[in-house]
Number of protein chains: 2
Amino acid sequence: MNFPRTPRSTVTYEPHLPTAPEPAPLDSDVHQRRFFIEDVFPTLDGGRFAVKRIVGEPVDVWVDIFRDGHEVTSATLRWRREGERGWRTAPLVPVENDRWHGTFVPIEIGRHIFVVEAWTAGFATWRRDTLAKQKAGLDITLELKEGRELVAAALPRAGDTAGRLQAALNMFGSAGGPRPLLAEDLAAAMAAVEPRPDLTWSQPFPLMIERPRARSGAWYEVFPRSQTDDAARHGTFDDVIARLPDVSAMGFDVLYFPPIHPIGVKNRKGKNNSLKAEPGDPGSPYAIGGAEGGHDAVHPELGTIADFRRLVAAARGHGLEIALDFATQCSPDHPWIKQHPEWFKWRPDGSMRYAENPPKKYEDITNPDFYCADRAALWQAWRDVVMFWAEQGVRIFRVDNPHTKPFPFWEWLIHEVQGRFPDTIFLSEAFTRPKVMKALAKLGFTQSYTYFTWRTGKDELSAYMAELTRHPEREYFRPNFFVNTPDILPVHLQSGEPWMFKSRVALAATLAGSYGVYNGFELLEHVPVPGKEEYLDSEKYEIRPRDWNAPGNIKAYIAQLNAIRRANPALQQTANFGFIQVDSPNVIGFVKESVAHDNVVAVAIALQKGPHDVWFHFGDMRIGPEGARRPVRAVENLVTGEWRLVEWGGVRLSIDPDHDPAVLLRCVA
Amino acid sequence: MNFPRTPRSTVTYEPHLPTAPEPAPLDSDVHQRRFFIEDVFPTLDGGRFAVKRIVGEPVDVWVDIFRDGHEVTSATLRWRREGERGWRTAPLVPVENDRWHGTFVPIEIGRHIFVVEAWTAGFATWRRDTLAKQKAGLDITLELKEGRELVAAALPRAGDTAGRLQAALNMFGSAGGPRPLLAEDLAAAMAAVEPRPDLTWSQPFPLMIERPRARSGAWYEVFPRSQTDDAARHGTFDDVIARLPDVSAMGFDVLYFPPIHPIGVKNRKGKNNSLKAEPGDPGSPYAIGGAEGGHDAVHPELGTIADFRRLVAAARGHGLEIALDFATQCSPDHPWIKQHPEWFKWRPDGSMRYAENPPKKYEDITNPDFYCADRAALWQAWRDVVMFWAEQGVRIFRVDNPHTKPFPFWEWLIHEVQGRFPDTIFLSEAFTRPKVMKALAKLGFTQSYTYFTWRTGKDELSAYMAELTRHPEREYFRPNFFVNTPDILPVHLQSGEPWMFKSRVALAATLAGSYGVYNGFELLEHVPVPGKEEYLDSEKYEIRPRDWNAPGNIKAYIAQLNAIRRANPALQQTANFGFIQVDSPNVIGFVKESVAHDNVVAVAIALQKGPHDVWFHFGDMRIGPEGARRPVRAVENLVTGEWRLVEWGGVRLSIDPDHDPAVLLRCVA
């Protein structure tokens, strides 16, 4: 044979490395576990990470269960919320080819586990075989004696069922014939109380059960300090409260703020990210920490903690939930730098090691050393920061750049916070390599920023949606599609065309369960730093008052999209997604179906200027509940209210992007 | 929402059920393991079962490795044979998108494990960043001081490399400039000796490394007692020795015997499976055990243990390896039934519980109760039986009906036997549900009987081959395609047409790495029990002398197939398989490539009477080693020696099944 040469290797001793588990010794109970329980769905990486589900929705479990031989198998699902002592039970039934199915409905949020359990159904096996022999005309006297023994053996532990078992024994004793022992209801009674030989169970599989907002919401991002009519006057929490009706009228669900903490003075950035701040420049809110405090303090010009709590309550009154930024960077003036110098890295000349991405430097911030000697205290301090804000009523955190902090830190932190506040949502702002983004979602992040912000072509949008909605991604990676961010003014928005802004927000609002808009988008703001995908005069470095009702704004368009989202559960999730055939490379077509299968919305969105006349073809698509799926018969235009019958498997659509690049159709079967 | 109602459940306490592992406490070392190491290939069920490979062949490992941040990653493969203390090392190199690749070559048979290890390359990270700053024209004085500190810190544990490190420090100290610290060879030296922060390793993944016969061999099955010229004279091991040249001339590799042990007298079966034996009827060899002994004894009429050992040696001299049956059933006369009545199940009237498949009964055999109270002694006794025959030189066991004995028993037994005799091969004779067959292969069976025996159509053969050669099946399920067995005379052979016998043996010999023929096939034996797929006058119940050179036999045809198999490594494996397009539903086309990529054989086999003129089209197929794969340019007919150039991507073939239903073509690029 002709194999490629491989390098020689020497033998070394590596005592830290794990060795294969020893096979169970001959007398181990493991050998009594006679069943294979495998290919369990839904699971993630063999149970290492939790699959995500929404409270009140059924969890469908599928599993292969089988043992040797021909005995009848019984199996059940056990599940519970983490920390509960008792187990709930749901039935498992065989479907075909050793595949079993069961369903349960978690009624509380928080981490859950489920376990699959199987055992040999002794009495059912006996009954099946005895009936077969009876049918074949064989003598079953001995079999009946054996059946009697099975019933008698189950009697002592039969509890409430003992009467039924005893009755069968009495009847058999007096009448003698096979009927009392072969009765169907005796079989049911025996199944519930008889011993469970060969009892085998799976490992526990974790599930994270969350509130609906974890999967779906429309986000709106503002800098509180810009909520002012004068760049010279720092906006306050009260200014934000005054704006709530406007944000609420646009139909948003989440109002998200960049950091609201004191900002460092040393090395403060000036306008347009200049290295030197001019007097009066407010600095980047990401340069967290100053004389007034660190991550658990509020920038004094915004107001007080009490003001903030008032804002949280006021927002709630407008149907809005406040999301805060969690950014671990510290300004050179952060109190921890003096209080805990051991939490930071220092250079040979005694200077601070600033954040950098060589050759770029960020001298207004530093990150703590997550693996410093005093790691435990540092991690606890971070946890306490998040807990502090959770106590102020914040249960949504957008996490800045989590991919540059250790994975184990996030897994620990999120588990800690959700252990106390299980309704807490963490959004990962990781614009990085795909596997790193997915790893963060596996470790516990509820939602993730995505590449959507840059995906514009039909092919690339389609490929990305296919990736996000396939297995296993659909079980744990919940996208939040942002059309823009304070850091990203994507090139396709820079020409400021209204149809493009509408197309992008319609795509975001319909493709993903969660989506986001950074303010100014609705005003078609589009002036970049030349040659870059960044906003000129970025709000990150200055206070930016705006005319929120400037002519040409698309607030009504956004409000209409958000109203349709709220009315259609199909749009409040991402994973139940399929493509629709559209005979144009410039129009994307897709369909989404609610988790309960009671709402279906088909969408066509123009990706180029128009007009477009397209044939929107459902193909062999079926909609509706499992077992009763039917073709689409008619569609209702969710904007115009117009009804159309589906003919030849589709409908013709005329799209004029200047008017509205999107057509949203509710489908009925 | 409108979810289906699910049954209510009550809460119960199930102390035996496993709970989710607690997250690691804050001070745990687990939090130092900063890397994700996931999606490891090749693995089976998350490392629960061993992947199978052949000794001397490279094991290709692929794995995703990444951590947070932008630091440079180092990673390596560690592997060893189970029980060895030291680890061997093989390099891992990044390929793309956080996917890494490495290769190692096991040089011994037996169970192995491999582990993937990753850590942060501190010096390489420093060097990359410093070079970037240098290139950007920044001052790197402080960086060089830090680099110097890294080298100095590595010095104490640098061993042989200390000189190189010290030289760099000296040069840097005297010259001052960046060159000594940024030298490439210093980077290599540092990589080998510097500390390994963030060290993270995967779980151990098991591999079973076996001899080539585990994957490939041509089997021939005979009943030793039938090796006689007179049904009244019981064949002996010496008669088998006399037949070895004939079997060897047909090119077989393995000579397999049904049980050779004493046969019970009580309830002995007569000819054609009649319930009552006539005087002189030899009984089924599967009714194991009599006055002369049990599973570790030889039927006296066959000879002695010494005769058997002589036969094993003589077979080896003819290039043949002896395979024995391992069947756990016991006749009512088996010595264990008196010696160990506690190993068996008894009925209420004190009678023995016979094997049965209601309403069918097999009163000449019983199976021990694998979960009797004295389970450990019973399992050990079975292990000792296999060990006994291994000591007589038998290293291939065909296991009868393993799917009706407990899975944990097989996993334990095979591990025990292969722990002492790692060259032992177990063939699973489980004709049962697909997942059960696959489970046995996962648990340790080297090879498996398959559904091939009944698959005749192009579509069903294609679907089955696709299933067996996909992932993960190809990693653990090694098919052994039998054209017939003593139990199965498939319906398509019952008309006795020579072309069909040739087609079937050609399919078996070329589709699967291992295949088998039960004797009589080469003589076109084909008379069934009417209406059944069973042989009339089955050799299982009587002695069947034959004329081994009867007119019309296809021994030369089989010999030619086996010679081609031996000369072409492509045919000595199953998994490297692809379909070839043939424009006829009656001809199947496929190609196989050796594991070393140095031999490629394309095959066309007629599944119906002919003649067939077909276009055999390679499409966009490429052959050859990775990185140098090229289209097929020419083919050599392995029977006629004729060469043909590939034109328009294929060749035309004329197949006359009456002459030869198969065309075997060696492909060259």
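Please read every residue number as a count from 1 along the shown chain.
Glycine too: its Cβ is placed from the backbone N, Cα and C atoms.
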Candidates B:Asn401, B:Asn568, B:Asn576, the one TrEMBL lists with B:Lys269, B:Gln329, B:Asp364, B:Lys540, B:Tyr541 as binding alpha-maltose 1-phosphate:
B:Asn401
Quick test of your reading of TrEMBL: among B:1-26, B:209-234, where does it put region 'Disordered'?
B:1-26
For alpha-maltose 1-phosphate: widest Cα to Cα gap among B:Lys269, B:Gln329, B:Asp364, B:Asn401, B:Lys540, B:Tyr541 in Å:
19
Which residue, of the binding-site residues B:Gln329, B:Asn401, has its CB surrounded by the fewest other CB atoms within 10 A?
B:Asn401
Using DSSP, would you call B:Asp400 (active site, nucleophile) helix, strand or coil?
strand
Recorded positions listed as B:Asp364, B:Asp400, B:Glu429, B:Asp487, least Cβ neighbours within 10 Å:
B:Asp487
Tell me the Cα distance separating B:Asp487 (site 'Transition state stabilizer') from B:Asp364 (alpha-maltose 1-phosphate binding site), rounded to the nearest angstrom.
17
Whole-number Å value for how far B:Asp487 (site 'Transition state stabilizer') lies from B:Lys540 (alpha-maltose 1-phosphate binding site) (Cα to Cα):
8
Cβ packing number for B:Tyr541 (alpha-maltose 1-phosphate binding site), 10 Å threshold:
21
From the recorded positions B:Asp400, B:Glu429, B:Asp487, pick the residue whose C-alpha lies nearest to the C-alpha of B:Lys269 (alpha-maltose 1-phosphate binding site).
B:Asp487
Counting by DSSP secondary structure, give me helix, strand and coil numbers for the region 'Disordered' (B:267-293).
3 helix, 3 strand, 21 coil
Distance between B:Asp400 (active site, nucleophile) and B:Glu429 (active site, proton donor) at the Cα atoms, whole Å?
5
Roughly how many Å lie between the Cα atoms of B:Asp487 (site 'Transition state stabilizer') and B:Tyr541 (alpha-maltose 1-phosphate binding site), rounded to a whole value?
11
Which whole-number value in Å describes the distance between the Cα atoms of B:Asn401 (alpha-maltose 1-phosphate binding site) and B:Glu429 (active site, proton donor)?
5
Counting across all protein chains shown, how many other Cβ atoms sit within 10 Å of the Cβ of B:Lys269 (alpha-maltose 1-phosphate binding site)?
24
